[in-house]
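First comes the structure, then the notes that go with it.
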Amino acid sequence: MATLKTTIFIIFILYISCTMFVNIFRVQADASCLTTKECVVRCSDEDAQCIHGECHCPHLKVDIEPTKAIRCKTDLDCPDPHQCPKYDYYACLNNGECTCISV
């Protein structure tokens, strides 16, 4: 009798655990939307849009352009920071290459 109760209890716990697991991950993976306003709230971005029932968050896309390795000895050997992202500048690091770093 005790083994039957233990078996039923274990099956019940496994069922509840699996149900909770599925519900948690379904909510996190759900990117569906009906209005753009839902996406603005979900993405925390005014430029977010609901396109074909899915949220598109533009700030999550990052465009990184490859740069050529520029050899240097000091920061003065590096080019102007216009090739770096906004508020970054070139610095000569220990490996002797110019690298964009944030201020």
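Using N, Cα and C of the backbone, Cβ positions are placed for all residues, glycine too.
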Of Cys33, Cys43, Cys57, which cysteine does Swiss-Prot list as the disulfide partner of Cys50?
Cys33
Which candidate, Cys55, Cys57, Cys72, does Swiss-Prot give as the disulfide partner of Cys92?
Cys72
Looking only at Cys78, Cys98, Cys100, which is named in Swiss-Prot as the disulfide mate of Cys84?
Cys100
Which one, Cys57, Cys98, is listed by Swiss-Prot as the other cysteine in the disulfide with Cys78?
Cys98
Including all protein chains shown, what's the count of other C-beta atoms within 10 A of the C-beta of Cys92 (disulfide bond)?
18
Based on Cα distances to Cys72 (disulfide bond), point out the closest of the disulfide-bonded residues Cys39, Cys50, Cys84.
Cys84
C-alpha spacing of Cys50 (disulfide bond) relative to Cys43 (disulfide bond), in angstrom:
11
Please identify, among the disulfide-bonded residues Cys39, Cys78, Cys100, the one with the smallest Cα-Cα distance to Cys50 (disulfide bond).
Cys39
If you count other C-beta atoms within 10 angstroms, which of the disulfide-bonded residues Cys50, Cys55, Cys72, Cys78, Cys98 is the most crowded?
Cys98
